[in-house]
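Note sheet for the following structure.
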Amino acid sequence: MGLPTLEFSDSYLDSPDFRERLQCHEIELERTNKFIKELLKDGSLLIGALRNLSMAVQKFSQSLQDFQFECIGDAETDDEISIAQSLKEFARLLIAVEEERRRLIQNANDVLIAPLEKFRKEQIGAAKADSQIGREHQNFYEASLEYVFKIQEVQEKKKFEFVEPLLSFLQGLFTFYHEGYELAQEFAPYKQQLQFNLQNTRNNFESTRQEVERLMQRMKSANQDYRPPSQWTMEGYLYVQEKRPLGFTWTKHYCTYDKGSKMFTMSVSDVKASGKMNGLVTGSPEMFKLKSCIRRKTDSIDKRFCFDIEVVERHGIITLQAFSEANRKLWLEAMDGKEPIYTLPAIISKKEEMYLNEAGFNFVRKCIQAVEMRGITILGLYRIGGVNSKVQKLMNTTFSPKSPPDMDIDIELWDNKTITSGLKNYLRCLAEPLMTYKLHKDFIIAVKSDDQNYRVEAVHALVHKLPEKNREMLDILIKHLLKVSLHSQQNLMTISNLGVIFGPTLMRAQEETVAAMMNIKFQNIVVEILIEHYEKIFHTAPDPNIPLPQPQSRSGSRRTRAICLSTGSRKPRGRYTPCLAEPDSDSYSSSPDSTPMGSIESLSSHSSEQNSTTKSTACQPREKSGGIPWITTPSSSNGQKSQGLWTTSPESSSREDATKTDVESDCQSVASITIPGNVSPPIDLVKKGPYGLSGLKRSSASSSLRSISAAEGNKSYSGSIQSLTSIGSKESPKAIPNPELPPKMCRRLRLDTASSNGYQRPGSVVAAKAQLFENAGSPKPVSSGRQAQAMYSCKAEHSHELSFPQGAIFSNVHPSVEPGWLKATYEGRTGLVPENYVVFL
């Protein structure tokens, strides 16, 4: 029930009813006054809490900003660099949100506190002061009229002067929340890419951990005196008997022995309570040439595990004491002592070795033939192992001395898992790995290079340095793995997954150490490069001018060229976002990012909930030298025929793999997903936003992006593409027509530098969202030496580009090594022009 009205005529009568109605208004104003006081108090507490929260978040952000990741090994993968930089990205994002919160707090006093306080004091207070009118007898009627007018005025002004400040404060609060929403939208692509990096790193960690754990268990179960091979035939601590005036003393020495030169070295290494270096006292090493070694008779000395040696430089014998009987046997064996030569414990002895002979080649070919004939689309091919007893039976049957070299494999007798496990077991048990110990370090150094192009060229050259049989076997195997990867839509065995499985098998380290285990991730990359660049590596001669890999120190500059969030001023959103960095800056070119292993469910939460409207682009597939041409594979769901499925060229790499001179174009990361009821056209995954996927320059044709399909029932996606594309919308996507002026589809990559993760922003906290556009023309091959006309004008952003007006005529137009760009001549000057800016005449 509302307040009764106050009539001016009633004020002259001053009736009891008028007094009662007037009192109702005064009581309401008093209640409003108390409420505003409480509201101001609570508002001050809210602002104080926001200020404390802001300070806490800023301190948290600073902690994230200051922390520095360090990784094991002398080089880092792009995944590790991205993950190491992620904390700084989180810090920048939080700082951007806190900047908006700071503005909210600064304006809160002017928007909320001051207006309400002013209204309470000036309006309600004035009405309360007028309540003294009862005591005034002079000019009673005139004052009464003014009082009634004031009461009415305050009651009406309360409706807007009281609520308006609250609305302004809430508007500011919602502006802050909207800013957080925009930042979350902007952060989503980076978050997805970081999830890819994390999943990829986790898979690498799992494979590395298994190898390290296996090595640790072998060391635990083996005799503690087992020592991996090194530059010395034998080394370790021994006690040396030294004569003293009153008897003998035993001094601990660190001794080494080289069997080839027969040089024996002793370095004093004894612990003194008052010595320096934490009690460790070391002396200069003494070197001797060994003459003979003999075991000391047990009853001739009161010490155990002793043996005597004679050296050229000293007269008499030197008595040494080992730590155990097994350790003494190893020393005697190394020095050709008069003890029998004992072998290493059986548990660490090598498995039965295989060889690259006729039987081995036949076995590999038969296994591959069986897999390709009946099981190349089986889910988890090569990842899921067979039963050990069956695998061992297959190996014993095939490689038995009585078996002929060309023995057939009965595919009815052996299941697919047993055959694939047998193939891996054969390669794993070779006396020397297929890539050889000699070239192992060279391959590792090659893929540690920051230069993506050099990686491929160096691996190409090193493969041709392999022995003929090794290269022939590698050719057979990699050709098969390429076929397997082309069916990753069904078997989920992407190039990245195959690299994880066959990397340690083909590039087994000679020394089983933790340091060698840390290089497993680079072994995987070598295999990925071999698969993706199969045609070039095995069917073309390497460039003789490519220098062989040289050992290099860990680069400290790679991490500085990482993802960055600018804190510049806000700019309005445009339809298309232009270049995100200066042409000469490191951030202008994007380095390869890695893509994760194939997983059906991982990172798929964004696939079906984003973008009810899809903007798309069609890029021109091109067949490049050393690569596999783009193919279109029909796929269907429940009998419903779907659109052709674009698959990316294996020439682009999946993790840190280098591209050739023809660096993969952004537009080659096009993929199409078919869902019953709605079909989306190919989508350009390149988002030129602050967290856009421009960092996928090379990983655009990642093995994980090789193929995508969506089943009607569960909408499961092969590979890990699902969280990258976000296409599976619940509503039917609609294509947006071509804009008048398309942006340059493919930013040129500078081949002389390799920046890290290329997520740039054009100077704003909430940058312009990535734009996708549709190319109505069908893909046409680019011919050499033709004329072309410019459809749009263009201003050069780099010294190697051409500036030209609309309608300009180009001559001698032919493809360039830059993806998405053509080389042309205009007005006597030759340079690069965007491929989608011109039409051939």
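A Cβ is built for glycine as well, from the same backbone N, Cα and C atoms used for every other residue.
As the structure is a computational prediction, the values presented were derived from the model and not from experiment.
What Swiss-Prot records as phosphoserine, among Ser400, Ser649, is residue Ser649. It is 191-227, from the ranges 191-227, 709-745, that Swiss-Prot records as coiled coil.
Swiss-Prot records phosphotyrosine for one of Tyr177, Tyr181, Tyr239, Tyr342, namely Tyr342. When Ser389, Ser421, Ser707 are looked up in Swiss-Prot, the one carrying the note phosphoserine is Ser707; the rest have no such note there, which does not rule it out for them.
Around the Cβ of Tyr837 (phosphotyrosine), 23 further Cβ atoms fall within 10 Å across all displayed protein chains. On the 0 to 100 pLDDT scale, the domain 'Rho-GAP' (342-538) averages 87 in the predicted structure. Shown in sequence order, Met493, Asn497, Ile501 are the residues of the chain, 6+ apart in sequence, with a C-beta less than 8 angstroms from the C-beta of Arg383 (site 'Arginine finger').
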